[in-house]
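Colleague: Pulled from TrEMBL, these are the listed features:
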type	residues	note
DOMAIN	1-42	domain 'UBA'
REGION	44-227	region 'Disordered'
COMPBIAS	96-132	compositional bias 'Basic and acidic residues'
COMPBIAS	147-187	compositional bias 'Basic and acidic residues'
COMPBIAS	203-218	compositional bias 'Pro residues'
DOMAIN	221-300	domain 'UBX'
Amino acid sequence: MAELTTLESLLEMGFGRNRAEKAVANTGNQGIEQAMDWLMEHENDPDIDEPYVPPAGNVLGGEADETTAGDSGEAPLIAEEDELYSDNPEASKQPMTEEEKREQVKRLEELMRVKQAERRERERAEEVEREKQRRRQGQELQQIRQKIQDDEMKKLADQRRREKMEDKLARQRVKDKIARDREERAQKFGGGAPPSTMTSTQPTPPSPSSPTGQGPPPTKKEYDESRIQVRLLDGSTINTVFKAQEPLAAVRVYVQMNGNTPEGQDFTLLSPYPRHIYTELDMEKPLKELGLVPSAVLVVTKK
């Protein structure tokens, strides 16, 4: 039974002549399967429907045709379609019946459907892989964004805690200044007696004279300031003066702002003699209550 040529088969299957000729030429006329593969791969090319133009010098017949053309002095002629695209030149001499043509076209169409299904499956698998890659990238991006957000929230929380502490210290300084001003006014306009003396609840009864004839014991001097020396992590020290009623947190903030402690480095304060590590509860207590008046030495240690 005669077989259709590759070009004829493509035309019978409904492909345009331009597409069919390009498929046969670009696959080297190696068969219908290669031609169909080429058509499916290049069906979206912008110039797929433009007329096929063979390369210059691409003529059928090889050296014999070139020699003949050279001897005659005429331009070489392009071979007939049956010779250019035929898989079996001898088969073109035996025309196929209509039934044979339909049977062969049917087989080729089935082959085309199989190849199209394979291509769709391949494209679907590639799409699934691209979707997986896109999701992986999305998850990685989300993790990066979450980490940045967590770092920003941590910095914001530290900043707010520091601002709150500084505001509290500022309010305490204002209260201390008001108290000092009130005390100075009382001393100035109240005969020079300090408020503590003027506001005593009851007069102290005179004590009986001691056998030795000595007077009353001297009163303990009250200090309203504390000179604090802080020894930093690298061994250096800083010195400053605080009010006796300021909380220990004021010293902590001062170290954070004026010491060489790395940013974000948490630390604690301790008293070496006697050794005592101050806790968060101690931070709210005034220096006077903690026994750090009139002077004290504190050491910065890592948490």
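All positions are counted from 1 along the displayed chain.
Placed from the backbone N, Cα and C atoms, the Cβ positions cover glycine too.
The shown structure was predicted, so the numbers you read here are calculated from the model rather than taken from an experiment.
Tell me about the surroundings of these features in the structure.
Modeller: Restricting the average to the domain 'UBX' (221-300) gives a pLDDT of 89.
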Colleague: Taking helix as H, G and I and strand as E and B in DSSP, count the residues of the domain 'UBA' (1-42) in helix, strand and coil.
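Modeller: Secondary-structure breakdown of the domain 'UBA' (1-42): 27 helix, 0 strand, 15 coil.
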